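One structure is given below, encoded as structure tokens.
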Ligand SMILES: Nc1ncnc2c1ncn2[C@@H]1O[C@H](COP(=O)(O)OP(=O)(O)OP(=O)(O)O)[C@@H](O)[C@H]1O
């Protein structure tokens with residue numbers, strides 16, 4: 001059953017007997033290249049939306065102008081497309097400042113936003129003093145006690161206020177789609193700053209305003225946001241009559257256990273793409289690792305859509321192992337139909353159509369290696385002919401079948417060559433492979449031979465480049 005909103009959007013729910021199509025968003029900050037952990041979040045959101053015929057929004061959390069850049073925003077769009085996700089809608093927070101102004105005015109009118117004047121040094125000194133006294137380092141709300149005369153006096157000193165949201169200080173609970181019932185005691189938290197001294201807005205506010213405006217029904221994100229959710233539910237409830245559902249999935253970490261960071265460029269999608277990993281393998285590993293489901297190759301994103309089930313996500317962080325990814329890339333290639341790779345093969349200058357693809361796909365660690373095998377088929381290559389095998393190979397050339405070179409030409413050839421040469425097993429097959437492909441191993445000869453063709457095969461068996 002579709003996990004429905006906790007309280008429900010009255011606009012949507014009023015006329016709906018079945019749950020409305022869900023609206024989900026992936027909201028990265030364009031401050032670095034997306035990594036596989038970000039991909040996990042993007043995929044869970046996009047594929048859940050697809051599962052339920054909903055909407056997937058790509059939203060750039062780009063209000064931090066000092067750290068955000070258009071270059072990173074473009075890279076994110078490229079990476080999201082590479083994963084095979086097509087957002088139904090794209091939004092930029094930096095273009096929505098008017099909406100945040102309105103929300104701030106509303107919170108001020110509700111008495112939920114108050115100005116505070118402490119500098120970062122003063123706040124740090126307060127935190128240290130509380131720690132020394134064995135108290136949690138939360139903000140003491142001194143600014144709430146300022147009287148009417150104190151604020152102008154502080155401003156006369158040249159201080160500009162930042163604005164804090166006055167938390168209710170209660171147990172905020174929600175039914176998390178991944179973690180079950182969750183509670184955050186906001187009495188243990190500092191009132192969050194929503195507006196900086198310079199008037200810019202913090203993510204805690206902008207994210208909530210957008211989720212309300214865009215009627216987001218399900219907020220799916222990493223468990224790094226659990227505490228944030230306690231705070232954000234309070235803000236959502238202050239601004240709106242309903243709360244979306246939340247789901248916090250476990251985080252992906254490096255094999256060493258170290259966390260991933262966009263800013264530090266860990267396991268970036270771009271680097272994995274440049275290393276030749278398949279996007280479907282990245283998607284499969286990013287979605288399936290750290291769940292109770294088996295990690296296995298898929299031939300399309302649709303196969304992953306069917307597997308999206310938040311209840312199957314584990315609680316512990318999951319290691320993302322690049323070696324496992326490489327193996328999954330090879331296993332994925334083995335499952336890909338020709339249509340899925342035709343354009344990319346053409347881009348590598350590979351011909352041969354479906355027959356060539358089916359012949360080589362089981363022998364590739366990376367798609368680009370198909371071009372090497374195409375070179376083997378097309379030639380010219382220098383055949384490897386051991387002196388002891390030269391006579392046998394000349395005999396083999398003479399026995400190459402006449403007529404159509406179809407799928408059983410190899411079987412017909414071997415059937416004639418085996419009794420004529422008296423050879424069997426490795427002594428029969430190995431010199432043929434070396435002469436025809438110049439390599440010790442590779443795709444089955446029965447699939448390669450028709451592609452190599454009679455003329456080239458004949459030349460190579462005679463030790464001539466072909
Ligand atoms: N290691 C991770 N595993 C899974 N999800 C993650 C991971 N890191 C971030 N996310 C999720 O990716 C989404 C986008 O996050 P965000 O843009 O803040 O990236 P970040 O990697 O946390 O950023 P930064 O390194 O810039 O602080 C969030 O929903 C966040 O929970």
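Using the three backbone atoms N, Cα and C, a Cβ is placed for every residue, glycine included.
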Of the residue ranges 1-22, 23-44, the one that TrEMBL records as region 'Disordered': 1-22
Distal contacts, the motif ''HIGH' region' (28-38) - CB-CB under 8 A, six or more residues away: 60-62, 64, 67-70, 72-73, 75-76, 79-80, 203, 222, 251-253, 260-272, 282, 285-286, 320
DSSP helix/strand/coil residue counts for the domain 'Aminoacyl-tRNA synthetase class I anticodon-binding' (388-462): 54 helix, 0 strand, 21 coil
Packing count at residue 262 (ATP binding site) (other Cβ atoms within 10 Å of its Cβ): 19
Averaged pLDDT score, the domain 'Aminoacyl-tRNA synthetase class I anticodon-binding' (388-462): 96
